[in-house]
Amino acid sequence: MPKMFGTDGVRGLANRDLTARLALDLGDAAVRVLGDAGTQDDQPEGRRRALVGRDTRVSGDFLASALSAGMSAGGFDVIDAGIIPTPGVAYLTSVLNVEIGAVISASHNPMPDNGIKFFARGGFKLPDQKEDDIEAVLGQDWDRPTGAGVGRVSHDQTTATNLYIDHLVATIAPLNDDKTQPKPLKGLKIVADCANGATSVVAPEALRRAGADVIVINASPDGYNINKNAGSTHPEQLQAMVKATDAVMGVAFDGDADRCLAVDEDGNMINGDQIMGILARAKQREGKLNHDTLVVTVMSNLGLKLALKDMGIKTVETAVGDRYVLEEMLKGGYSLGGEQSGHVINREFATTGDGTLTALTLCNEVVKSGKSLKELAADFPQLPQTLINVPNVDKKAAATNKRIQDAVAREEELLGDTGRVLLRPSGTEPLVRVMAEAATQAYADEVCTRLAKIVAEELAL
């Protein structure tokens, strides 16, 4: 039986794969497994609590109701925070000291999909073992509470949203002694593309409260338009709007706002690697880059690593996935990490990737440095990269096939320190991703094509 939990919770087509019954069962199983993490006495009035948030997908309504029903039937009082970014749920799980945080979202996936993921007390994503434990008791009968032992469900989106926005703004603009709010982004004209998703209220408000002049696009969610030709996966509108309005820069979020990409004044995309480079250098300057190290994944561009090396900043690599980045950060005591896709984890303020936090800190660095985003990003040039997916192959054999490994070694020797190659099996499909980086796009294409041909010949099913 395949695992239900993937790299980012349970996902699938809403009402087909991810049904109300499954959401109910997940809520029921989660309180059994995660409820053991605390005691009744450490919560107000002796009640255990959970918090549920969701993105703007229409299916989020019935899934939130079902998930909350499962948890309240298990004896937990549930706070329904309504539509709120995923990192907002993580933050509130920590600051409100609830035992379980739950998010209903499929992030950057199309609208018909949805997902459920959990945060443990403290706002951290669950380790694999806890997800396995939830899956193991899914749908089982147990001695559920009755009478006064069952939980209540309360709805308070306004309070939850305001607490989160206050936190975000305070990361770059802590209140003055007289309780007035500084405006560090005053005069900064930016465009924010909210993907018609969970940060449609949060990001514009946080940026404005920090002083920015914000032009907002794709912030009118109707339940059906999340990520539709908008946000970080479709930045064309943002690029055009930045140029049309003479904005200094633009920021784009995905549906649940755990990632952020940017656009410079000329409409050029600034990816997660470049954003991480800019923020790592800023933290180093302020003495806040722990161990002078940035945590990245194997997909981060070699150009980033070479540029950081020249600045005296080390990099530590992990597997692809923000959960693996966070694991390494916690293990090594690092303060900043992330992915090329725009997941950036700033442990000074967050326990997970936070797109709105990334946007605020990036805008703040533009102001503090006195440079444009284009100038800042130019210090982190990206090597040309080519990626080819080779389908219908025995992906597990790629690491042991002699001809493939010999070919990889040969290409790496030829590239030296001017490029690299990477073979990565897909986690969900019978395919191998072949990636090459080189000094020129033509050479990257050439290397990638050669290797992809050998992979197809050797591993064909």
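Even glycines carry a Cβ here, placed using N, Cα and C.
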Would you identify which residue of S107, S154, S369, S372 Swiss-Prot lists as part of the Mg(2+) site it also attributes to D254, D256, D258?
-> S107
Using a 10 Å radius on the Cβ of D256 (Mg(2+) binding site), the other Cβ atoms enclosed count 35
Run through the Cβ atoms and count how many others sit within 10 Å of the one on D258 (Mg(2+) binding site).
-> 33
Between the recorded positions S107, D254, the one whose Cβ has the fewest other Cβ atoms within 10 Å is S107
Roughly how many Å separate the Cα of D256 (Mg(2+) binding site) from that of S107 (phosphoserine), to the nearest whole number?
-> 5
What other residues of this chain sit with their CB within 8 A of the center of the CB atoms of S107, D254, D256, D258, the recorded Mg(2+) site?
-> D55, P85, T86, S105, H108, G197, A198, F253, G255, A257, R259, G355
Between D258 (Mg(2+) binding site) and S107 (phosphoserine), the C-alpha gap once rounded to whole angstrom | 8
Rounded Cα-Cα span from S107 (phosphoserine) to D254 (Mg(2+) binding site), Å | 6
